[in-house]
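**Student:** Mind having a look at this structure? Questions to follow.
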């Protein structure tokens with residue numbers, strides 16, 4: 001009883017984590033489902049068919065492909081632009097810092113529906129109303145990923161020990177050498193984290209994308225569409241694969257960090 | 001140790017082209033420029049277009065174009081027609097945020113103070129479920145909460161809901177979906193704040209004969225306020241604007257303002273009304289955020 005009292009908070013925390021994982025178990029389970037009817041979404045029997053034939057509905061696979069394409073492009077652009085901004089904010093003194101901070105913070109504090117409808121209003125006013133599609137989605141994704149990149153890289157940069165750079169300079173490294181051999185490798189985990197975050201934000205976005213997509217279909221839009229007419233179980237295969245890949249990346253990064261720590265100690 | 005071999009003269013040999021301070025300040029602007037430009041062109045200016053759209057002639061159409069008629073009545077009409085979904089969104093958002101705060105606080109506290117060497121692992125576990133598609137996860141909840149499903153049957157067995165009672169297509173399901181989907185936005189800022197608290201302060205309150213409960217409300221809670229404020233904002237704002245949960249887990253009776261705006265834009269093609277509603281939503285949220293931040297007394301949100 002004493003033990004229960006002392007560990008109540010930890011137990012509560014673990015329960016919350018279990019709650020967060022419940023739908024993931026359902027996604028994994030349903031990826032092996034053999035549905036009896038297309039309209040009833042429940043577990044009817046075990047099969048490997050969904051995993052063996054992930055592209056049974058070709059429109060789903062092309063939507064996944066499009067989401068990956070947009071996600072990669074948006075991640076590259078947002079990560080580069082955001083990292084530059086983070087360096088400016090942490091490492092330089094300049095006028096207009098507050099304005100920049102507000103500009104970066106606001107997209108994270110605006111509801112997606114408002115950002116999406118604003119962009120749509122701009123595109124329509126600019127005469128692009130009939131040409132919504134790949135490029136307008138990409139523009140939107142870069143926009144909302146950018147702030148998250150800046151915040152993530154900035155946190156990493158701000159926590160950096162400047163003594164290390166000082167030491168490199170004392171050892172006659174030039175500014176460029178110091179940057180590429182000391183600063184950049186130290187900031188890199190932050191940049192990588194920001195890129196991962198960007199990709200998952202982009203891959204997962206529905207509300208902004210749906211308003212600015214025209215006839216182009218991304219994976220979340222495909223899921224939205226089939227949610228009304230009967231969901232193919234392959235959707236859960238995609239969900240499971242996404243989960244496994246990202247957990248593998250995060251765990252790999254953590255193991256790598258520990259290995260490096262041990263090497264230093 | 002090969003770096004020491006570089007002769008020291010090379011560095012002093014480079015003549016400084018400009019005074020370094022001024023050069024560095026210009027560098028900052030060059031670094032900021034591309035990203036800032038992107039945000040201005042695709043975030044700030046669109047907001048201006050949105051406000052303009054909200055004042056267009058409501059009788060126009062997408063095909064024939066809209067005239068700017070400064071139709072302020074659009075706002076009045078939008079409020080008159082859709083005050084129900086608007087209030088409902090704010091209410092659902094507030095309830096979901098409150099529940100997230102309780103669950104999130106327990107989790108953040110457990111990770112910060114009780115997890116020990118499992119801290120990093122638990123943090124990973126908090127984020128991991130959210131790498132799976134938002135929509136696929138919400139469909140899973142639809143499956144879990146379905147009529148005749150395990151959860152509904154258990155609740156019926158315990159007489160918590162009537163024999164004909166259901167969860168899907170009720171506010172309970174929509175709010176549960178919102179709580180689930182936005183919980184990490186609460187946990188991460190809370191954790192960042194709670195983790196910074198010096199544990200000795202909490203021990204000191206115990207030494208001074210404060211009960212754990214008093215100690216929590218007099219020491220831990222006030223010190224974690226910055227995390228509480230940013231966590232509640234980061235949960236409340238997206239939750240109010242969300243329409244995925246209302247659509248997949250609710251019924252037309254749980255229509256939120258996001259459903260209405262989306263519908264007006266894509267199906268009804270009524271851009272002025274949709275624009276006016278978006279502006280109203282943004283203005284309401286801004287006012288609430290400002291009042292809230294002022295009351296909570298923390299300005300360091302950035």
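Note that Cβ sites are derived from N, Cα and C of the backbone, with glycine treated the same way.
Grabbed the feature section from TrEMBL, which reads as follows:
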- B:1-12: compositional bias 'Polar residues' (COMPBIAS)
- B:86-292: domain 'ABC transmembrane type-1' (DOMAIN)
- B:1-20: region 'Disordered' (REGION)
- B:29-51: transmembrane segment (TRANSMEM)
- B:90-113: transmembrane segment (TRANSMEM)
- B:120-140: transmembrane segment (TRANSMEM)
- B:168-192: transmembrane segment (TRANSMEM)
- B:213-237: transmembrane segment (TRANSMEM)
- B:273-293: transmembrane segment (TRANSMEM)
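Would you situate these features in the structure and describe their surroundings?
**Tutor:** For the transmembrane segment (B:213-237), the list of distant contacts is 93-94, 96-97, 100-101, 104-105, 108-109, 182-183, 185-194, 196-197, 201-202, 205-206, 285, 289, 292-293, 296-298, 300-301: same-chain residues at least six beyond its ends, Cβ to Cβ under 8 Å.
Residues 47, 50-56, 58, 74-75, 77-79, 81-82, 86, 89-90, 229, 232-233, 237, 240-241, 257, 260-261, 264-265, 299, 301 of the same chain, all 6+ positions outside the transmembrane segment (B:273-293), place their C-beta atoms under 8 angstroms from a C-beta of that stretch.
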**Student:** Where else in the chain does the transmembrane segment (B:168-192) make close Cβ contacts, counting only residues six or more beyond its ends and a cut-off under 8 Å?
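**Tutor:** Those are 92-93, 95-97, 99-101, 103-105, 107-108, 111-112, 123, 126-127, 130, 134, 137-138, 141-142, 145-147, 224, 226-228, 230-232, 234-235, 238-239, 242, 244-246, 248-251, 253-254, 256, in sequence order.
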